[in-house]
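Peer 1: Here it is, the structure, as structure tokens.
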Ligand code: AMP
Ligand code: MG
């Protein structure tokens with residue numbers, strides 16, 4: 001294979017102790033942050049989709065992404081010089097309970113690419129085969145879940161939400177057997193591999209695992225390696241570094257989850273092994289987008305009973321996860337006051353950001369005290385009236401402060417009876433909102449601009465992803481490519497692409513993949 005001159009500096013494995021055994025034999029790995037393991041080759045790697053933006057970010061030109069070697073490398077059948085594949089070791093709290101060692105069971109990092117501009121990006125295959133952390137599973141991923149991860153990573157980025165990125169979607173040519181609803185109906189599905197890209201894939205659970213084992217030496221090494229690699233702004237922080245680092249993690253997590261609430265994203269599995277130390281949205285599994293506004297909705301059928309990870313409680317769950325991280329890091333602190341301060345910082349950053357988002361989404365120069373109640377009343381109406389969150393907020397942009405009417409919100413309703421029931425409350429609310437707008441210093445144009453930048457028109461609605469997946473499973477990738485294109489500009493009006501802004505069609509109301517997703521992927 002002709003090897004392009006890419007530069008890799010694999011600092012994670014340079015800086016941290018590795019497992020003495022190599023290869024995928026399943027085992028407990030103690031005293032080590034990673035294990036050397038190669039991707040397992042696949043039958044017929046084919047590039048199905050590429051993110052041109054991420055390729056450009058990495059300095060991978062069309063000569064490289066267009067060559068057959070590209071699909072081989074990002075399907076797991078070959079390596080570029082400088083790649084040294086590893087799987088990371090970590091633990092986590094799953095659904096509120098400590099789960100012990102988890103680790104990268106089907107993710108394999110290929111290396112850390114250093115670009116000409118000096119940026120460093122870790123390239124990680126998801127679905128590349130077994131690792132020491134695969135436990136009983138196969139280390140593979142199916143096409144449907146890989147499409148969902150590929151599209152959503154990039155959609156989130158273009159929405160302005162902190163996230164891991166996705167470079168490529170490679171079909172494996174192999175079949176992967178999955179029982180989608182764990183009900184005895186296993187079937188073979190096409191397999192695929194996504195290459196995810198981020199400065200770091202370190203998770204809260206990366207620190208929880210050595211802490212749970214009383215391995216303070218490894219915990220300290222991990223913390224310091226993470227700070228050195230991923231938090232260059234703390235280079236001169238000296239003995240303050242752990243405290244300032246934790247505060248930064250709290251801050252970034254608060255901002256990330258506030259973005260989720262702004263755009264209507266439900267992660268679905270906010271276990272601590274799925275929380276990035278950089279405050280990036282990570283591990284796109286049974287996530288979903290809110291259609292009709294409902295703070296109690298979760299797309300994850302595995303969580304249908306407890307609904308731990310429902311839309312409305314995501315900020316509280318993020319906070320709880322940070323308390324787990326604080327607990328894990330506590331051996332590094334003589335005094336726990338900085339950990340408490342970090343958690344308090346989460347609350348204040350989140351509260352501040354929430355108010356900024358109220359102002360942005362409702363088109364106000366500033367969020368005043370009673371605007372919080374105005375928003376609460378609005379959300380209650382959306383819920384009672386079964387109104388589409390994305391369309392309703394977008395509809396608000398057209399409210400005339402002098403003569404507000406319900407007309408601008410008509411397309412947001414799913415159900416005529418629910419509409420009629422909520423109409424008097426909505427009309428009264430619109431009067432209040434119009435009065436508030438008349439009392440606000442923003443002019444119409446500034447208001448429109450501000451609202452258009454905070455309220456997306458296009459999000460990766462579950463049914464849209466499902467439509468693209470069903471076509472892709474028949475061998476037609478055009479739906480995936482079309483969604484990629486639309487979601488590059490989620491805040492712009494895109495004439496001719498109304499289909500992608502439409503509310504959930506009736507066929508998708510209770511369909512698997514649209515309103516119900518499992519962890520089986
Ligand atoms: P998740 O809920 O997808 O974040 O996964 C939880 C844990 O299960 C992680 O340690 C994953 O690496 C592992 N895992 C999930 N699916 C597979 C699979 N197909 N093969 C091996 N490990 C898996
Ligand atoms: Mg995970």
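Each Cβ is built from the backbone N, Cα and C atoms, and glycine gets one as well.
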Peer 1: Need a hand: TrEMBL gives 103, 105, 106, 126, 138, 139, 196, 203 for ATP, which of 44, 63, 283 is also on that list?
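Peer 2: Looking through 44, 63, 283, the residue TrEMBL assigns to the ATP site is 283.
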Peer 1: Which binding-site residues from the set 103, 106, 138, 196 have a C-beta atom lying less than 6 Å away from ligand 2?
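Peer 2: Going through 103, 106, 138, 196 in sequence order, none turns out to be close to ligand 2.
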Peer 1: If I take the alpha carbons of residue 106 (ATP binding site) and residue 274 (Mg(2+) binding site), what is the distance between them in whole Å?
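Peer 2: Residue 106 (ATP binding site) to residue 274 (Mg(2+) binding site), Cα-Cα distance: 14 Å.
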Peer 1: Within 10 Å of the Cβ of residue 274 (Mg(2+) binding site), how many other Cβ atoms can you find? Include all protein chains, please.
Peer 2: 22
Peer 1: Cβ under 6 Å from ligand 1: which of the binding-site residues 106, 138, 196, 274, 283 qualify?
Peer 2: 106, 138, 274, 283
Peer 1: Whole-number answer please: how many Å between the C-alpha atoms of residue 274 (Mg(2+) binding site) and residue 196 (ATP binding site)?
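Peer 2: The Cα atom of residue 274 (Mg(2+) binding site) is 14 Å away from the Cα atom of residue 196 (ATP binding site).
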